[in-house]
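Colleague: From TrEMBL, here are the annotated features:
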- ARG82, SER83, GLY84, ASN95, THR99, VAL100, ASP101: substrate binding site (BINDING)
- 156-166: compositional bias 'Gly residues' (COMPBIAS)
- 167-181: compositional bias 'Low complexity' (COMPBIAS)
- 32-162: domain 'dUTPase-like' (DOMAIN)
- 151-198: region 'Disordered' (REGION)
Amino acid sequence: MDNEAGPAAGPQAAAPGRAPVEVLLRRVDPEVPLPSYAHPGDAGCDLVTTEGTVLAPGERAVLPTGVSLALPEGYAAFVHPRSGLAARCGVCLVNAPGTVDAGYRGEIKVIVANLDPRESVRFERFDRIAQLVVQQVEKVRFREVDELPGSERATGGFGSTGGHAGGTRQTAAAPQTAAQQKDYVAVGADRASDLRGQ
Ligand SMILES: O=c1ccn([C@H]2C[C@H](O)[C@@H](COP(=O)(O)OP(=O)(O)OP(=O)(O)O)O2)c(=O)[nH]1
């Protein structure tokens, strides 16, 4: 299966009338191109992988991007998927969007998975694999109350407004659940390494 083209050089995006926010960046890989916005109005700048790999159908990998950041306090960066990779190759980000905290100084990594049922996907060094959206984020203070104020939606969710022709499959009624088969990895069972899927 073919891959996305290499990194695009492009103008750095800034909202009209607003200066871009300066973000300190360190190249972990000295050859990696700086993340760049492909078009002036783009929300995300492309991240590349510094490691080539092949993912078989259903496989996942944690890919290095060769960059680390120091985001200003009050900001976070979100690692989003690329729609082209998703549509053409079935590549998703397992934890989309990945959250990069302002205090994180490590290399940004991208957790990709190949959802195509038949074709392997090949990533080459410096292929664009994800996009990084930098945003301001609010800190909240939770105030516990006995009753929440009413709203029009109230507790409706999870498809309460309809509009989709979902299947009738009852996963809960499957003959034997994964839990019954013990065919799972327990969340929290291994606190030493969150990266066992590599
Ligand atoms: O797609 C991602 C998601 C996260 N990170 C980095 C930046 C982030 O600040 C840090 C921790 O991410 P997160 O909070 O999502 O991970 P966690 O599983 O909750 O781990 P921790 O206990 O270290 O917070 O890992 C990435 O490089 N890529």
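Glycine too: its Cβ is placed from the backbone N, Cα and C atoms.
Can you tell me where each of these features sits in this structure?
Modeller: Other Cβ atoms within 10 Å of the Cβ of VAL100 (substrate binding site), summed over all protein chains shown, number 21.
Distant neighbours of the compositional bias 'Gly residues' (156-166): none; no residue of the same chain at least 6 beyond its ends has a Cβ under 8 Å from one of its Cβ atoms.
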Colleague: Using a 6 Å cut-off on Cβ distance, which of the binding-site residues ARG82, SER83, THR99, VAL100 come close to any atom of ligand 1?
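Modeller: Near the molecule: THR99, VAL100.
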